[in-house]
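*Asks:* One structure, as structure tokens, below. Some questions next.
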Amino acid sequence: MAFFPVLLLFLSVVQCGSSQDPEEDSSAVPRGCGWGLVRPYTLLCDLDSVWGVAVESAAAGGALAAILLGLIILCRLHHVSEAEKRSGVGPILLLLLGILGLFGLSFAYLIERDEQLCLLRRALWGLLFALCFSCLLVQGVRLRRLGRERRGPGGCALTGLALGLSAVQGIIAAEWLLLTVLREGRAACQYLPLDFSLACSYVLALLLAALGAASFALCGKTRQWRCNAIWLLLACLLSLLLWVAWVGFYLYGNAWLGRSPDWDEPALAIALVAQGWLLLLFHAVPEAHCCLRSPPQPSAPDYFDTSQAPSRMRETSFDEDIPLSHRQFPENQSYGFDENTAGLRSAGNHNGNTAPRPSAPFRSNVYQPTEMTMILNGGAVPSAPPTYTGRQLW
């Protein structure tokens with residue numbers, strides 16, 4: 001809450017410049033506002049309206065957390081060397097900017113509304129939500145491509161796509177304000193809750209598209225990005241439930257409870273803060289952790305584990321470590337093999353059987369030490385044991 005005293009100081013300076021009676025202001029100060037705050041800023045410190053103080057504290061804490069997370073990502077960006085991970089940094093930073101805007105806009109609902117403030121609310125509400133949900137959508141597209149092709153689009157392309165999708169909602173909000181305020185001459189604060197909800201239809205469409213993209217990202221072939229897709233899907237599902245809740249309460253709940261004009265602004269402020277924390281905890285933090293996490297180090301092979309692939313150690317030639325005087329057993333082996341083969345042929349001709357005999361694996365009577373025997377003997381070829389008479393395979 002580092003910027004909370006700064007905000008209060010700014011509002012105090014603005015209020016000191018206004019022309020109001022100090023005696024009237026002091027009599028109108030509610031309980032808890034001991035820092036000189038008067039209307040229209042009393043909800044920031046009024047202890048009788050607890051929802052204002054709770055929303056203010058949650059929004060300030062969320063804004064500080066978003067700023068710290070963005071600074072951490074920027075400071076550790078040079079440690080991210082994989083292109084697949086760097087492509088997700090741009091949408092995360094853009095999402096953190098949108099989350100910061102959601103927390104900041106919630107303060108606009110803690111101040112008594114006037115024409116300028118109503119214009120700000122109507123213009124930025126849908127635009128900030130569209131910016132956040134566009135970042136979720138492009139993250140789903142990125143994870144889907146990484147799961148199928150193991151290669152994602154560039155971070156600049158994803159950021160530009162998110163900005164382009166959110167700009168559509170900005171055009172819709174501008175058209176709505178131009179039609180209702182300038183052309184029809186209505187006051188900026190006079191609008192129906194149904195009109196406000198219909199102006200956010202494109203935002204809901206972006207959220208549904210992000211939910212579909214996250215669902216398709218789970219069907220990828222690569223398991224490496226499945227955890228990111230699960231967190232994205234969870235964030236989209238919770239955001240959809242939140243939108244169903246606040247739209248239903250804003251349209252029908254207030255009228256059913258008989259609190260139609262009084263609870264409209266608290267409902268919208270709580271929806272802003274809840275959406276900001278939801279995106280921060282269920283998407284921004286896990287995605288930043290996955291991007292900044294160092295790749296796993298390759299483990300040393302276990303030569304005693306028979307389930308692993310055979311090591312290339314067996315392909316190493318031991319002839320380089322053996323002296324030249326001891327490198328005669330291959331020639332002896334070849335000579336012994338030829339001698340025994342000639343003996344078999346002469347025996348076959350002597351018996352009168354001229355039919356070709358089937359060949360069989362045959363090893364000579366020359367002593368052939370194994371590689372392990374040479375290793376244990378220090379690299380030299382050991383001599384045959386006294387009882388050695390020759391090994392045969394049959």
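FYI, residue positions are counted from 1 along the chain as it appears here.
Here the Cβ of each residue, glycine as well, is placed from N, Cα and C on the backbone.
Copied straight from TrEMBL:
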| type | residues | note |
| --- | --- | --- |
| DOMAIN | 94-146 | domain 'G-protein coupled receptors family 3 profile' |
| REGION | 330-364 | region 'Disordered' |
| SIGNAL | 1-19 | signal peptide |
| TRANSMEM | 58-77 | transmembrane segment |
| TRANSMEM | 89-111 | transmembrane segment |
| TRANSMEM | 123-143 | transmembrane segment |
| TRANSMEM | 155-176 | transmembrane segment |
| TRANSMEM | 196-218 | transmembrane segment |
| TRANSMEM | 230-252 | transmembrane segment |
| TRANSMEM | 267-285 | transmembrane segment |
*Asks:* Taking DSSP states H, G and I as helix and E and B as strand, how many residues of the domain 'G-protein coupled receptors family 3 profile' (94-146) are helix, strand and coil?
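*Replies:* Summed by class, the stretch gives 49 helix, 0 strand, 4 coil.
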*Asks:* For the transmembrane segment (58-77), find every same-chain residue at least 6 residues outside the stretch whose CB is under 8 Å from a CB in it, and list them.
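*Replies:* Contacts with the transmembrane segment (58-77): 1-4, 86, 89, 92-93, 96-97, 99-100, 103-104, 106-107, 272-273, 276-277, 280, 284-285, 288, 291-292.
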*Asks:* Thinking of Cβ pairs under 8 Å, which stretch from 89-111, 155-176, 196-218, 230-252 has the most of them with the transmembrane segment (267-285)?
*Replies:* 89-111
*Asks:* Go through the chain and flag residues at least 6 beyond the ends of the transmembrane segment (230-252) whose CB is under 8 A from any CB in it; none is fine as an answer.
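*Replies:* Sequence-distant neighbours of the transmembrane segment (230-252): 133, 136, 139-140, 143, 193-194, 196-197, 204, 207-208, 210-211, 214-215, 217-218, 264, 267-268, 270-271, 274-275, 278-279, 282-283, 286-287.
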